[in-house]
Amino acid sequence: MSVPAKLREKYEKLKKEIEEHNYRYYIKSDPIISDTQYDKIFKELITLEENFPELKTQDSPTQRVGGIIVNEFKKVEHTLPMLSLDNTYNEKDIIDFNQKIIKNFPNVKYYCELKIDGVSISLKYKKGKLIQALTRGDGIFGEDVTQNIKTIRSIPLNLNEKIDIEVRGEVFMPINEFKRINEEREIEGLNIFANPRNSAAGTLKLLDSSKVSKRRLDAFIYYILFPNNYNLKTQEEAMIFLKKLGFKINEHNKICKNENELIDYWIYWSNNRKNLDYDIDGAVAKVNEFSMQRELGETSRAPRWAIAFKFKAERKLTQIKNIKLQVGSSGIITPVAEFEAIQLEGSTVKKASLHNFEYIKERDIREKDFVYVEKAGGIIPQVVGVKIEKRTGEEKIILEPQKCPECGGKTGKINPSEVAIRCLNPLCPAKLIRILENFVSRDGMNIEGLGPKLIERMVKSKLISDPSDLYYLNSFKLATLGSGIGIKTINNLLSEIEKSKDSDLENLLFALGIPLVGIKNAKNLAIKFKSIDKIQTSTLHELMEVEGIGEDMARSIKEFFNQEDVKKILLKLKNANVNTVYKKEVKEGKLSGYIVSQTGELKNMNRREFSKYVESKGGIFSNNVTKKTKILVVGENPGSKLEKAKKFGISIMLEEEFFKNYN
């Protein structure tokens, strides 16, 4: 039977479209459609091939396991192919899956796991030592990312038993870490990651493993190759064995005995995934008995004994009313879509960041467009697509602004490699508002009663042109703001401003908004240099001696304090008697001047308690091991810090030895 020309044309178009989406997903880590949309067009291709087998070609995406090989890393063939899982989005498919299994195995039990939204990896150990880590690649060949994987603390470099074994799992980025990295990237003018999965994928592709180590990736292990070699009969036994070896296992795994329990597990986690600090996009059910798995076998791309129950991402169609341009404290201009209010996963959503102008151009998002909105990871509203057929011709294309939307100043990029467009006017009032909001924040000078609206009024009234002007306000100046600012409010505000003059040095450093410097770095700077004058005159080398400060941050600090505007602000602050020295009593003790880190679990105290203990003895506690670290304290199940400490020649102490010497 010949295939109609239109169907053949459609088939070739689908193949090309899927390969393009594979490239964007696996290589660029920047998908432009959701998993649901991808699965829909992939299923369409499968249906065409099933109805017209003569269409199927060797280069069809259905003949691949998935993904595309990254060229920068060495390609290595997997011991066994890393297969995908078949996906389903509804209860009927869950029931159908179970019915197929119980025809042959009526007493089947399923081992259910959360489907972590991360990057699949395969780890090979020789005599208990990690020797190779591969990404999935195309499922047949993966990329050797061993050095990057070694930076992940939850992946053991040495197992608790000296055995040869190969395991598989998922590398992911915790949501809090994802937020931290995006904040840093935004400050640096870099393209932000759309979601934690993209962030994890992008991190594993970095060629410099030292940069990978600065991003706190995590991993769960869920599969053993050749389980018979270890006398394991079930997936449940395999997970217990993995935990015994020292791997991190997800605590929410569960045995389900029938389709009702499968559905209950799926629904429960669909409703409760927001309580986790990592993204999941579904649940996975595996036939528990390995003997049954072997009998069921697999297709060319997926096992028949397992299935992924994907969560339905709630998606709403709404119309963009306006695309507003917001100016941040660093001058970055961010387009924000404001649309008709919609209810999405239990909350009212009226706007979503469009990140940058490349994002808009790539997705052809226009003002007045009807767009689909989802919550990335169930948290952040995101425009995921445009309903092109609803366009009327009235839509407005959004171009990169040539002038700042707030001050009319010139816009541009600080360097050609960044995607961010910035306002280049150092006196832009919108930048000043964001700077002031940071200055008065709790980690900054902690000036209560000075909120965003009042700050905006002060800036627009030209009462303030930089943060130091706050300390030259008086009741007469504040009274000029007009209605809503009574004498009581004025007196309270002036009292708070006066009180803030005695803030600690680290709070002032944070308040100044030094790019890349958070409150912890500010505290370490304050302890090391004791005054803002010494920080100003410090060398790059001296700054890099401070715990947690690398070359990029050190350069950022130097550049900040070399600015003439900053020098003027500091002079005004000093003249207003704002504290610029470290006033806290430096505790002297056995650990004075020592940077101490910890790996593994301690018997007598948790990490926070240990941190306070170190500080009580005059030391500095650090979560990371660097060349500056003096002592690494080792508890149960130590991670990769131990190897790093050995490499740097750092003093390594067991818990008992440490407390004996530094009690």
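Start at 1 and count along the chain as shown; that gives each residue its number.
Backbone N, Cα and C atoms are what each Cβ position is placed from, and that goes for glycine too.
Taken verbatim from TrEMBL:
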type     : residues                                                                                : note
ACT_SITE : Lys115                                                                                  : active site, N6-AMP-lysine intermediate
BINDING  : Asp35, Thr36, Gln37, Tyr38, Asp39, Ser84, Leu85, Glu113, Arg136, Glu170, Lys286, Lys310 : NAD(+) binding site
BINDING  : Cys404, Cys407, Cys423, Cys428                                                          : Zn(2+) binding site
DOMAIN   : 586-663                                                                                 : domain 'BRCT'
Spatial separation of Cys423 (Zn(2+) binding site) from Leu85 (NAD(+) binding site) - C-alpha basis, Å: 47
Cβ packing number for Arg136 (NAD(+) binding site), 10 Å threshold: 24
The domain 'BRCT' (586-663), counted residue by residue under DSSP: helix, strand, coil: 25 helix, 17 strand, 36 coil
Cys423 (Zn(2+) binding site): secondary structure state under DSSP, collapsed to three categories: strand
Assigned conformation of the residue listed as 'active site, N6-AMP-lysine intermediate' - DSSP reduced to three states: strand
Within the predicted model, mean pLDDT of the domain 'BRCT' (586-663): 83
Secondary-structure category, per DSSP, in which Lys286 (NAD(+) binding site) falls: strand
Packing count at Cys404 (Zn(2+) binding site) (other Cβ atoms within 10 Å of its Cβ): 23
Secondary-structure category, per DSSP, in which Arg136 (NAD(+) binding site) falls: coil
Recorded positions: Lys115, Lys286 - member with fewest neighbouring CB atoms within 10 Å: Lys115
Assigned element (helix, strand, coil) containing Cys407 (Zn(2+) binding site), judged by DSSP: coil
Residue among the binding-site residues Leu85, Cys407, Cys423 whose Cβ has the most other Cβ atoms within 10 Å: Cys423
